[in-house]
């Protein structure tokens, strides 16, 4: 998962965090501990995280945390072999949808006691963010990021097309996208698309789940039941297939990376993405604004992109207690705001006041819509097969295949993955 | 033949260069051989034999990489033969093998025949140029090809559009993605088979061609009755290598399509990777690896027997 951030005042806030870091929740340390922490924050967010880690190391003398920065994909590829060889990290951060796979196999320590400890600073964490780290009602990680997918739109193109207000409903969204779609030479292939809606491998796999939620549909219920084959989801697929194929508001056969490229090339007026789109737009000299995914006929909701950090089986009791102290430090009042500003993601705690993050306009915009976020497939262990089934469903639906048959097929696959 | 020395003393052969040789018994020679083989055997044992035996043991367990694996008998093997995803991967792997092997071998043979002609100018340059893709890393080649065929920024698409041909998004088209990843593998690997064929062709004595010419054999007849029969050993080697490469198809698929669109390029090795490293089902991935190994051995054996018979017929 790529992530770019807008960093305003992060360093200063991190320094403040040092002053306000008196509390230390979690377990008791039995002595000195040196911990390894793998994470994939490679941009400005990585610097802010390193600042928090440095502050933590300086705040006490028993625990030292050494960070190792890898790509998210590399963490996923090497964690299994590293842990099974006893050479793994003590703490690891990873995309939330991968957590249940590892937790179910016993790779992570359970953190229920930590969450129950008042000094852990977890009481005011966003419920959606906590839900994404729960597997069978047990918590296995601490969220480091939770943000709903949002629409990033090119304000210059909106202005040129005479669009003054961002659409609030699906119908308005399609109408606006049509207005922004330009086929100058009339060859049937627009040179500029109103929106880019990938039909597979979407950003954080969240676009189609977001659309399903909008019409009252879902994918999985209570972790054990597949509910993807529903009239609501069939209507959603029909609606968007018609908009994409008949109205040509979006190209077909595009994935999440392709969508980013089209938006940054100015060939699509709207895209669905995460906070990194802000810096991609800036790098490409695109004037942009952020808006929530418009409301569907039943609800306004967006699948959330989540990242969380867990304590691995390679950490002994002492290291685990030390890791919990770090988690409490990471979530304390000052760091909660500093991390939000530095990472460009909304605060993880609901009690962080809006004015604490107003200095970063991206964070401020995303914080306004944070309530719309729903964790993607929380607690589902075999997310690999479920996500592959959704990808196949949406790609084939947009390609024109029979939606009822595809939904029945997806239902069977998803249920098979859950059983 | 030597004659007895005039002195009547017992003949002693001269000491070999490098000093006197100690008389070694069979045990001494065995020890020496073992000492020479030891480094290679150690590497083979540590990095091939031991992991293979470990994987065999794990294939009968529910191993995930964490904790103590539990013995579950043949459950993983039963799943291999009943899981619809595996059936899809077997079908795709078979399709990949059927497409890749004949095309790569035929292209390599045709170019080897062409570039074996001593009258062809720039032979050395062409031979080198054809081998270059083999030296390039598979993943690098796959990335390069992904960009070449990209519908938005791809050079290939741009050129073809100039000719009025719309290639579309080949890597997202379920009918074109498999031929595309096969094409990349052919481009990448046929240079190796080409060099092997070239070596095989140069081993055929020119006198046989001269005799065939004197008997009135034309070019096609010489190819059919001289070249191909005398290349049968090389052909067997190349075919087996190409088939094994096809059965192990992974790199470019991982990079270019990730097994998609909708599983149309999901091969057995992709399935092994996904089961082992994405779903952390190491036991099942090990069982699947052993089934693939057995299939590879079986197919290689069939080819050995087929070409062995052909050679016998020739003799």
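The chain as shown is numbered from 1 upward.
Yeah, the Cβs are placed from backbone N, Cα and C, and that goes for glycine too.
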Of the ranges B:9-29, B:30-50, which one does TrEMBL list as transmembrane segment? B:30-50
In TrEMBL, of the candidate ranges B:176-199, B:200-223, the one given as transmembrane segment runs B:176-199
In the same chain, residues at least 6 away from the ends of the transmembrane segment (B:287-307) whose Cβ sits under 8 Å of its Cβ atoms read 55-56, 59-60, 76-77, 79-80, 86, 232-233, 235-236, 239-240, 243-244, 247, 268-269, 271-272, 275
What stretch, picked from B:94-116, B:128-148, B:230-250, has the most CB pairs under 8 A with the transmembrane segment (B:176-199)? B:94-116
Mind checking which residues of the chain, 6+ beyond the ends of the transmembrane segment (B:230-250), have their Cβ under 8 Å from one of its Cβ atoms? 93, 96-97, 100-101, 104-105, 108-109, 181, 185, 189, 192-193, 196-197, 199-201, 203-204, 208, 267-270, 273, 292, 295-296, 299-300, 303-304, 306-307, 310-311, 314
For the transmembrane segment (B:94-116), sequence-distant contacts whose Cβ falls under 8 Å of one of its Cβ atoms, 6 or more beyond its ends: 123, 126-127, 130, 178-179, 181-182, 185-186, 189-194, 196-198, 200-202, 223, 227, 231, 235, 238-239, 242-243, 245-247, 249, 265, 267
